[in-house]
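Copied over from TrEMBL, here are the features:
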{"type": "BINDING", "residues": "Cys251, Cys318, Cys319", "note": "Zn(2+) binding site"}
{"type": "DOMAIN", "residues": "9-333", "note": "domain 'Hcy-binding'"}
Amino acid sequence: MGNVALDTLMSDFLQKSGGVAVIDGGLATELERYGADLNDPLWSAKCLLTSTHLIRQVHLDYLEAGADIIITASYQATIQGFEAKGYSPEDGESMLRKSVEIAHEARDIYYERCLESSSDCDCSHNGRILKHRPILVAASVGSYGAYLADGSEYSGDYGDAMDLEFLKGFHKRRVQVLAESGADLIAFEAVPNKLEAQAFAELLEEGIIHIPAWFAFNSKDGVNVVSGDSMAECAAIADSCNKVVAVGINCTPPTFITALISTIKKATTKPILIYPNSGETYDAQRKQWVKNSGVPDEDFVSYVNTWCEMGASLIGGCCRTTPNTIRAIYRALPTRSESSN
């Protein structure tokens, strides 16, 4: 696949999505709502071993809430992480492929439901959005810190001994397997520092990956990525990579997003993606969310049109957002609300 095809995948998709595409919302908290126990270093990836039907159901819930992009349950799925649980490298690779297969199954079921619905209007009597539209499957790749499961994905501090070649070696096979699994693109999520961004960019440029990718960084101050590295420098690394088709922010409180969009716009002309968390605070030591520290759906959604006006063209939610959040985002977009009237 040449660079032209990579470039046009996202621009064509956004055009067909009315200029702004909707990304899905939080996965782990929805799995827990369905009864999954994620108290495990594998986190949501544990369900690849125990309850694939729940992952499929959450993907479907988001599609019926209006999501145009569903992100696979592979954020915390690493070959090394599965090995630590006693699985072979081949088993680990199989789990990575399975994460993409489940998303494909959900998309197929959704399209069947669209065909079965009486018309091509995008709502049914119970509020489900059933509209045949382009849907992308993004294969999630979390950071090295996510694999460590020690909170370092929220600090980006991997110690002074960390180097580029180690990170490339850690991620290489996993990214390759996901890229060959039928996913439409790779989603590098919550990238916490410049070094890991560089590692991902170099892996993409080495020629073993033949699908596009997006880079989503996280921030806890609205200025820099969580490690303290410059957001502008991180965005510039993503911008310089031909295979990167969108750059933006995830797992960051909504209140910081406006300033971060301004910073990213100065570093890239690529589409900007925004999928913040609910604004709640995560206690990495206690491995739990601090209750009542977030923003309600209506406040979250009130930001959406501002983000669009500033230039964001892919918008969704991350941790602790729900299908209700995503449905509200879909309804808030002028291009979508017009089509559902």
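Keep in mind that glycine also has a Cβ here, set from the backbone N, Cα and C atoms.
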Neighbour count (Cβ, 10 Å) for Cys251 (Zn(2+) binding site): 25
For the Zn(2+) site built from Cys251, Cys318, Cys319, further residues of that chain with CB within 8 A of the site's CB center: Gly26, Ala190, Asn218, Asn250, Thr252, Tyr275, Pro276, Asn277, Ser278, Gly317, Arg320, Thr321
Spatial neighbours, same chain, of Cys318 (Zn(2+) binding site) - Cβ under 8 Å, 6+ residues apart: Gly25, Gly26, Asn250, Cys251, Thr252, Tyr275, Pro276, Asn277
Cys319 (Zn(2+) binding site): tally of other CB atoms within 10 A of its CB: 21
